[in-house]
Structure formats: C-alpha cells, structure tokens
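Listed features, source TrEMBL:
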type	residues	note
REPEAT	10-40	repeat 'WD'
REPEAT	56-102	repeat 'WD'
REPEAT	103-133	repeat 'WD'
REPEAT	142-173	repeat 'WD'
REPEAT	181-221	repeat 'WD'
REPEAT	221-252	repeat 'WD'
DOMAIN	356-447	domain 'PFU'
DOMAIN	477-746	domain 'PUL'
Amino acid sequence: MAEYRLGLQLHGHTDDVRGICVCGDAGIATSSRDRTVKFWTRNPEKESEYVLSKTLAGHSSFVGPLAWIPPSDRFPEGGIVSGGMDTFVFLWDLQKGEVAETMKGHSSQVTGLAVDTNGDIISSSMDCTVRRWRNGNAIEVWEAHKVAVQTVLKLPTGELFTGSSDSTIKLWKGRTCLQTFSGHADTVRFLASMPGLGILSASHDSTVKLWALSGQPLLDMIGHSSLVYSVDAHSSGLIASGSEDRSLKIWKDGVCVQSIEHPGCIWDAKFLGNGDIVTACSDGTTRIWTADSNRFCSDEEIAAYTDLISQYTLSRKTVGGLKLMDLPGVEALQVPGNSDGQTLIVREGDNGVAYSWNSAELKWDKIGEVVDGPGEAAQGQVHDGVRYDFVFNVDIGDGEPIRKLPYNRSVADKWLLKENLPLTYRQQVVEFILQNSGQNNFVPDPSFRDPYTGANAYVPGQPSSSSNGNTPEPIFKHIPKSGMLSFETAQFDGILKKVAEFNSKLSSDSKQLSLSETEMSRLPAIVNVLKETSFYHTSKLADADMTLLVKILKSWPPQMMFPVIDFLRMFVLHPDGASLLLKTIETGNDILLETFRKAVASPVQPANLLTVLKAVTNLFGNSCLHQWLRTHCAEIIDSVSNCKSSFSKNAHLAYATLLLNYAVLSIESKEEQSQAQILSAALEIAEDDTQDFDSKYRALVAIGSLMLKGLVKSLALDLDVKSVASSAKSSMDQKIAEVGGDIESLTR
C-alpha cells in the first residue's frame with residue numbers, strides 16, 4: 001500500500017476542529033470549538049487544494065457533529081446540519097449562509113447527527129435521547145440509553161444505530177430496540193458504516209471494532225494507546241481512526257498499516273471519495289493526507305510539519321516524571337559537584353541522563369539514561385516499601401537490568417520552585433519551617449539528593465525511611481465547594497424609591513393594582529428587620545408581610561416587577577422569610593415558581609431576569625427550600641439558559657453562582673441526572689471566552705466539585721473536560737489557572 005503523506009493544511013479555525021463532513025463533490029465542512037462551521041471548496045485554479053468558501057456562525061458554544069443535505073430546489077447549493085454544546089441543531093442554507101431551521105428540544109449537548117432518506121434529521125444527545133426532526137419540529141423523541149448517547153448512525157438500508165457511554169451499541173426500528181451489541185469496555189464514541197460488512201465502532205477503551213449487522217463482532221483493531229474519537233471506512237477496504245493519543249491510524253484487514261502523528265488529539269477523521277483522509281485536530285488545523293504523489297505538499301511544508309511534531313513531542317516528553325525541557329543541559333556538567341555521590345540529571349538530546357559526582361577523580365561519572373517503565377506513573381511511587389516523590393528508572397547499559405533511583409523533593413524545594421526563588425534559599429526556609437512547627441531537634445536525612453543540584457533534600461517531620469507507603473490524598477486548591485453562595489447586599493433605599501414610583505404610576509392608572517398608604521408604610525418596616533442581620537436569630541417577620549409581597553408579585557405588570565423581586569431576594573435570606581415563603585407554597589400558592597416563569601417569559605425584561613436569578617440563588621441559604629429547588633432544577637436551568645441572549649454581565653455572574661449552588665446541592669442529594677444538567681451548563685460557561693473571570697471561575701469550581709464528589713466524572717471526560725481544564729490553566733487569572741489545574745488532575 002502506498003504511504004500517506006501530508007497533502008494540504010486548512011487554516012481558519014481559531015480553536016480545536018471538532019468535526020468533519022464530506023459534502024459530496026461540493027466540498028468539506030468543518031466544525032470547531034470556536035463556535036463556527038466552515039465550508040471549504042476546491043480551488044478552481046488548483047483542483048488538489050481547498051479554499052475557505054463560507055463561515056457559518058450562530059451557535060453559542062462549540063460545534064460538534066455535522067451532516068450534509070445534497071442540493072435540492074429548497075437548497076440549490078445544499079445544506080449543512082450542525083449540532084452544538086448549546087443543545088441546538090441548526091439546518092444551514094449553504095447558498096445564503098443562514099440558518100433555515102432551528103431545532104430546539106435537547107437539554108444537553110448534541111453529540112450525533114444523521115439524515116434519513118426522506119430528509120428527516122436524526123440527532124443524539126448527552127441527555128440520553130434520540131430525536132427525529134421534520135421541518136424543524138421533533139416528531140419522535142425517545143430515551144435510547146440510560147446514560148449519554150454519544151453517536152447515531154443511519155444506514156441507507158434503513159438500520160438505525162446508537163452508541164453510548166454505557167459501552168453498548170443499540171439497533172433500532174422506530175423507537176423499539178431490536179438488539180444490543182456488547183463488547184466494548186468503555187464509551188462507544190463513534191459509529192460508521194463499513195459497506196458490505198456491517199458497522200465500525202470507536203471507543204474510549206482504545207479499540208476499534210467491526211460488527212456484522214446481526215451484532216456479531218467480526219474484528220478488533222487494537223493499536224491506539226488512548227481514547228478513540230472517530231472512525232471511517234473507504235470503498236477500498238481501508239479504515240481510518242483518530243484518537244486522543246494524537247495519531248491517525250490507517251487499517252487494512254484489521255492490521256494497522258500506517259500511523260501518522262499529529263500535534264494534538266484527533267477529534268475526527270473522514271475519507272474523501274478519492275481515498276484521501278481529512279483529519280480534525282485540536283491544534284485548530286484541518287489536514288488532508290494523501291497517498292497520491294501528485295497531491296503531496298511541498299518538501300518545505302513537510303519539513304516544517306516534521307519540525308512541528310518534533311517540537312511538540314519534545315515539549316511534552318518526560319523522564320522519570322520530570323519534563324525533559326526543564327532539565328539542565330550538558331553544560332551543567334562543567335560545574336563541579338558538592339559532595340561525593342551527588343546525583344545530577346541533564347538533558348542530552350531527547351533523553352535525560354543521570355550522573356554521579358566522583359570526588360576522588362573530580363569528575364561526573366555517567367550512571368545511565370533515565371527512562372519511564374511501561375505503564376508506570378513516575379511520580380508518587382513506592383521503592384523498597386518507601387514512598388518517594390519520584391522514582392527514576394535508570395538504564396546503565398552493558399546488558400544490566402534497569403535500576404531504580406529514588407528521590408524526594410522537600411516542601412522547601414517545592415515552594416521555592418513554585419515561587420521561582422533560587423534553591424540556595426533552602427536552608428533558611430527549612431530552618432523557618434522547623435522552628436515554627438516545633439521541630440527544633442530535627443536532623444535532616446542526608447541520603448537523598450536533588451537530581452537537579454545534588455544538594456541535600458530535607459524531609460521535615462520524620463526520616464523518609466519511616467514512611468508507611470500509603471498514597472497521599474491529592475490536595476486541591478479550590479474544590480470541592482462546600483456551603484452556598486448568596487447575594488446579600490442591597491440598596492434598600494433605591495428599592496423602596498422605585499416601588500413608590502411604580503405605585504404612584506399605578507395609582508394614577510389603575511387604583512385596583514396600587515398599594516394603600518398602610519401597605520406602603522409596611523415596606524420600610526420590613527426593611528428595618530432585614531437590615532439588622534445580626535438579629536436574624538431573634539427578629540420576626542409576619543404572615544402579613546408575605547401576603548403583601550404575594551399581592552404585588554401577582555398583580556403588578558412585568559415591567560414593574562424587578563424592585564419587588566429584589567425585595568423578595570433579601571426577604572428569603574431571613575429565616576422567617578424563607579419559612580413564610582415555603583408555607584405559602586405549601587398551601588398551593590407557588591408564588592415563587594409563578595414569579596420565576598413571568599421573569600423568564602418572552603419578551604424578557606433584563607432587570608427581572610437579573611433579580612430573579614439572584615433571588616433563586618439566595619434560596620439555597622435556607623435548607624427548608626432545598627426540596628423546592630431540587631424539584632424545579634431542570635426547569636430553572638433550561639429556562640434561564642434560553643434567556644442568555646438577554647444576559648448582562650451581572651446576570652452571567654448570577655447564573656454561574658446559581659449553577660455552583662446547584663452543584664453543591666445535587667452532590668449532597670446524589671442526584672445524577674441533575675448533576676449531568678448542571679455540568680453541561682457549567683461547561684458551556686467555561687467554554688465561553690467572552691465570560692468575565694468571576695463567572696468562569698465559579699463555573700469551573702462547579703465542574704471540579706461535580707467531578708470530585710459527584711457522580712458525573714465519566715460524563716465530564718466524555719464532554720472533553722480535559723480541553724476545558726487545559727484552557728483554564730493557561731488563563732491570566734490566577735484563580736482560574738489554579739482551578740484548571742485542580743480539574744486537570746482529576747482527568748489523569
């Protein structure tokens with residue numbers, strides 16, 4: 001078989017390329033984390049090249065699956081179907097570059113799309129459902145799996161398949177499951193047709209499988225070292241798969257015949273009709289690989305790509321758990337050691353090499369090359385019954401077995417490195433720690449050496465030889481969140497003034513809706529109670545106070561509601577206020593739900609939306625209202641999410657705070673379905689680069705808390721939380737970067 005080489009690189013997306021759709025002979029569509037779909041057509045001046053033709057922008061979060069609608073009277077240039085994390089399915093008129101149909105119904109990320117022979121659009125989602133759409137309306141909806149549906153496949157012969165996070169594939173006739181295919185050990189991420197044989201599945205268990213339509217497994221393709229995100233087949237019998245391991249693998253008769261490394265994970269891989277392969281990479285570039293020498297890119301481009309891969313690989317390579325790029329170069333060997341046996345690890349080319357200082361001969365003796373053992377985690381290992389920060393594998397050569405070189409980095413060293421201070425300060429720091437922790441008689445263990453400098457590694461508290469070997473609990477800076485957040489400050493004078501202004505207007509327009517002087521005079525009295533927060537344990541609110549608020553909230557027009565909702569926001573912070581509200585709800589008068597629905601009803605009044613978000617957020621402070629919050633969780637999050645186009649900056653923060661409180665509540669009550677919805681909504685905020693730091697931070701804390709203490713860690717991994725964490729870690733804001741690190745550590 002001719003070897004595939006780089007043919008073309010398509011630059012245009014500003015973030016991960018997530019999906020590819022081969023649009024017949026018309027071109028190629030790509031989707032991205034940058035929220036756009038791009039359509040590429042052949043360059044009329046050079047048939048082997050593609051140029052950007054259109055950019056389709058409309059999704060509010062990253063775009064994933066795509067499907068092609070061939071040209072017709074309605075769509076002369078064809079149509080593209082796209083699904084996003086924003087839960088929407090869009091049908092685009094390619095000629096106009098506009099959305100022709102908006103399909104709204106999923107409550108979580110859209111994961112898969114297919115177009116039936118009659119033109120119906122079929123979508124799958126993290127919300128566990130499959131939906132069939134006709135003319136923009138859902139005509140069928142069913143729960144296809146008990147957990148997230150990751151992919152949907154419709155064959156020309158009529159069979160419909162779904163793949164799920166439950167590791168199974170299901171064959172459907174209408175809404176009836178005819179058969180369940182079991183065989184994968186983890187999430188089934190993608191399905192594709194293998195004409196004449198059956199279907200292909202790509203899984204998070206790192207394998208690709210070929211199945212007969214009867215459900216019989218025909219072939220296992222084993223070779224990837226991480227999650228497999230995509231698979232596709234060509235009429236020639238070749239199969240292509242893309243993976244988190246950054247490789248495109250090409251298979252023939254179940255054997256990997258070529259592996260092509262990329263500078264990032266491969267989200268999607270598709271064959272073109274001519275046998276070329278298109279890959280979607282997390283570096284934001286779409287690449288076309290070809291076995292036809294007439295379509296190879298120039299030698300200069302291939303050399304540049306080879307250099308890119310080399311640099312990327314070098315930047316990620318570790319030796320014994322240490323980043324290769326962080327090791328000193330061979331020039332460090334020009335500096336004499338401090339003591340006999342001092343150990344030093346230096347970077348030699350693409351390897352780390354260990355040396356020991358020989359005091360007698362005043363030279364560095366080479367010990368051997370530092371290597372990572374297969375499948376070993378280099379950090380936090382046990383050696384001879386003792387746990388060390390690092391245990392390096394050293395190959396001393398001459399046919400000798402691999403030797404273990406243990407090493408503990410002291411608290412002082414870790415702090416100095418974190419603060420970018422010289423390690424020569426170690427003695428002062430250690431003495432400070434010992435003096436202030438009552439360990440004045442501590443004698444440092446001299447047996448361990450810093451592999452960078454060879455200096456003694458101090459281990460305050462006890463010699464490392466007495467370690468019990470137990471794995472220490474990981475320490476997170478910002479997760480899990482405990483307790484509830486609330487909005488406790490208010491401009492009471494401004495609230496009362498606005499209520500009085502609106503009441504005066506109503507008095508002149510409609511006496512029936514306005515408050516009497518007695519009722520108006522009661523509001524300042526309530527404010528006096530609410531202001532005295534230190535007396536909440538003894539102060540009281542009356543039934544009449546609640547009745548007054550109910551009257552206003554029920555009768556006043558929407559454009560005048562916001563100061564009263566703001567009043568309610570503060571009212572529920574008082575224990576009596578929360579109890580009175582619950583008592584009213586339990587009588588069948590759910591003024592809270594009624595007010596919420598008015599505030600989010602179209603046309604949305606931004607002031608109402610902001611105040612009701614804050615009011616609902618403040619409900620979490622009193623446990624008596626937790627059941628109400630749990631009961632209405634799905635409706636609240638769905639309704640607010642649909643209003644995001646009306647959000648102000650403060651509303652974004654209020655929404656993120658609401659989600660964080662809901663995360664804490666759902667963890668306490670172990671409600672997996674609610675956790676999944678909260679996670680999806682929080683990820684959408686975390687993905688949004690336009691969010692302010694505080695909103696993004698709270699969303700990230702919600703995500704991390706749900707992963708650490710909730711029931712949705714595997715779902716978060718399916719939703720590509722690793723990329724979210726990686727992006728957060730590079731933030732200019734320290735808190736976001738730190739919580740990004742917390743989340744990233746949970747993905748390992």
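Using the three backbone atoms N, Cα and C, a Cβ is placed for every residue, glycine included.
Please treat TrEMBL annotations as automatic predictions, because they have not gone through curation.
Proximity of the repeat 'WD' (103-133) to the repeat 'WD' (10-40) is not established, fewer than 3 Cβ-Cβ distances being under 8 Å for residue pairs spaced 6 or more apart. Taking Cβ pairs closer than 8 Å, the repeat 'WD' (181-221) reaches residues 150-153, 155, 159, 161-165, 167-171, 227-233, 235, 239, 241, 243, 245, 249, 251, 254, 256, 714, 717-718 in its own chain, all 6 or more past its ends. Helix, strand and coil counts from DSSP across the repeat 'WD' (142-173) read 0 helix, 19 strand, 13 coil. Across the repeat 'WD' (103-133), DSSP helix (H, G, I), strand (E, B) and coil residues number 0 helix, 17 strand, 14 coil.
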